[in-house]
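A.B. asks: If you scroll down you'll find the structure; I have some questions about it.
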Amino acid sequence: MASSIGRAGPQTTMAPRDPDNPATPPAVVTVRGLTKTYRASGGWRRRAAGPAPRPANDAVDLRITAGEIFGLLGPNGAGKTTLVRQLTGLLRPDAGTVSLLGHDVVRHPELASRLLAYLGQEAGALDELTVSLAAETTARLRGLDLAAARAARDEVLGELGLEPLADRPLKRLSGGQRRLACVAAALAGDRPLLVLDEPTAGMDPVARRAVWSAIDRRRAERGATVLLVTHNVLEAETVLDRVAVLDAGRVIACDTPAGLKTLVDAHVRLDLVWRGEPPSTVPEIDRLRSLARVTGRRWTLRLPQERAREVVATVTRGEAFAALDDFTLATPSLEDVYLALGGRGEGLTRQ
Amino acid sequence: MTLIERVRDDHTMTEAAQVPEGRAPLAPSARPLPALAAVYRAQLSRARVARVPLLFVATFQSIGIMILMRGVVDGGAGAEANAVVAGSSVLVVAFVALNLLAQYFGQLRTGGLDHYATLPVPAAAVVLGTAAAYASFTVPGVAVTAVTGALLYQLPLGGLWLLLAVVPLAGAALAGLGAALGLLAPRPELATLAGQLGMSAALLLGVLPAGRLPEPLRWTRELLPSSYGVDALAEMFEPAPDAGLVVAHLGVCAGVGVLALALATWAYRRAARA
């Protein structure tokens, strides 16, 4: 199996999987029509007065097959965490079904914990434990006996390079280190399905690489399936086999990153960073202003390739070039896909 | 049903949900007693790291109260001296088990419960393990307070062995209440507030001799489980303790403890699947 870790460029090898094809691996996660609306809190008066609340998940369908690294991509508030909380049995859906490895976790939410390992966004339960005890206790509570739990702890601390921090309480670590320790706890003890909600948030590149190696090893050696929540476009492009793009509670697209990018491959992204005010005397710059998404001194333009070449020629000479601090021309990313699909586009990160 | 049976019951219910053929096998659940031991060990280490200064505060608070009360209560065995020393000792348990545990579970509800709820561990093992850790964490503070108090008020030290029963039983009742308050409070701040009010009640109603309390407060005192631990310990300072009375007091503590921990377990399940 080709490793998906560390691929820098766009993926070209993965084709969308066809669930009706007998060669398609069996489904590990099957979600049908999953709908969840949070009830308004704060008393009957507010409930009566306000508009009906918008569903956090709206008729979501997903099928994740064995051995996939599958991502949920979307900005904050898109409904990613709500979706995984229903998959993990933490939240009861209003409607729809969730099947994990053939088990109905809407009817039996207590079974989810015996099928999957979950890394949530909060670490409150582990905060005051040492890194070593957090991993060991979690493994024990996954049903391992003491010797097996200690072996699992040693293995995962080694994999993630956490041995030097083993005796430090989580709350005394930096944000990235603490997150790494939580990943260690989540990976201690085998599970066929790993559900990880933004596992690498706040980590440095070395720690990220260690996390992705550990996850990929579980997939390659033990056939684990991974469901990953992210709002990091670069991470989604480099590590995911397939990605479901969520916006306002709905899946607006689901394919390989490469497959999704074919939707927008006629365009390129041009970022212009100005030193100060862009020169208003150049008519072409004035025309671009209305096309650009402006973030401070940065203009982001999505243009057909030919048009982008013309713009680059314009801004790299004369008065415009003198006012230009930096520019980058890039092939489309999943963020561009997201915008092209009608997503609101705020809150995705590219780092 | 005892709590241990309840833990076992949790376990067998999960086992009973074993699923028909054709589906992927389920990993085993954590067995109840090893899970309880793992939670206990983790929580005790957690308490050691984070709560030692608070144990000092609890102990000094109780010793301070005894010193203050020494000004108005005579030394030597007597209902009032017995009540002050026993009440101050049990107050250390109330401070940690009721107040701090309410705070802990109140904070855990803001996201931390997901960690335990996605592990195959019985709810009762988490609640009992945490409550037991908090209760046993109080032992040194209770012992220091009781010995200091007995010396200060010239009471016999021979009956202090009863702390071995008073701390776990009053601890179970108070920790169960603390956990339930923390898990049922709608917001963490309210959990903290409830825990502190509970501790204040234990202070006022436990330390002040019952005979001096007005009638309504005496009734309130009867409702507070720690009072029975106080009364059992106070009886041991008598020259000839009435064993039947001590057992009866501890029996009430144990009964309330079972109920409180069952309530906390129910509250935990409710909070975890919110």
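Each Cβ is built from the backbone N, Cα and C atoms, and glycine gets one as well.
As annotated in TrEMBL:
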DOMAIN    B:48-235  domain 'ABC-2 type transporter transmembrane'
TRANSMEM  B:49-69  transmembrane segment
TRANSMEM  B:81-102  transmembrane segment
TRANSMEM  B:123-153  transmembrane segment
TRANSMEM  B:159-183  transmembrane segment
TRANSMEM  B:190-211  transmembrane segment
TRANSMEM  B:246-268  transmembrane segment
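Describe the structural surroundings of these features, if you would.
C.D. replies: Counting residues 6+ beyond its ends, the transmembrane segment (B:49-69) has Cβ neighbours under 8 Å at 84-85, 88-89, 91-92, 95-96, 100, 137-138, 140-141, 144-145, 148-149, 152-153, 203, 207 in the same chain.
Listed by sequence, the residues of this chain that lie at least six past the ends of the transmembrane segment (B:123-153) yet keep a Cβ under 8 A from its Cβ atoms are 3, 6-7, 10, 30, 32-33, 35-44, 46-48, 51, 55-56, 58-59, 62-63, 66-67, 70, 73, 75-76, 81, 84-86, 88-93, 95-97, 100-101, 104-105, 116, 160, 163, 167-168, 171-172, 174-176, 178-179, 233, 237, 261, 264-265, 268-269, 272.
Tertiary neighbourhood of the transmembrane segment (B:159-183): same-chain residues 89-90, 93-94, 97-109, 127, 130-132, 134-136, 138-139, 142-143, 146-147, 150, 191, 194-195, 198, 202, 225-226, 228-230, 232-233, 236-237, 241, 246, 250, 253-254, 256-264, 267-268, 270-271, selected by CB-CB distance under 8 Å and a gap of 6+ residues from either end.
For the transmembrane segment (B:246-268), same-chain residues at least 6 beyond its ends with a Cβ under 8 Å from one of its own Cβ atoms are 2-3, 6, 105, 113, 123-124, 126-128, 131, 162, 165-166, 169-177, 179-180, 183-184, 225, 228-229, 231-232, 235-236.
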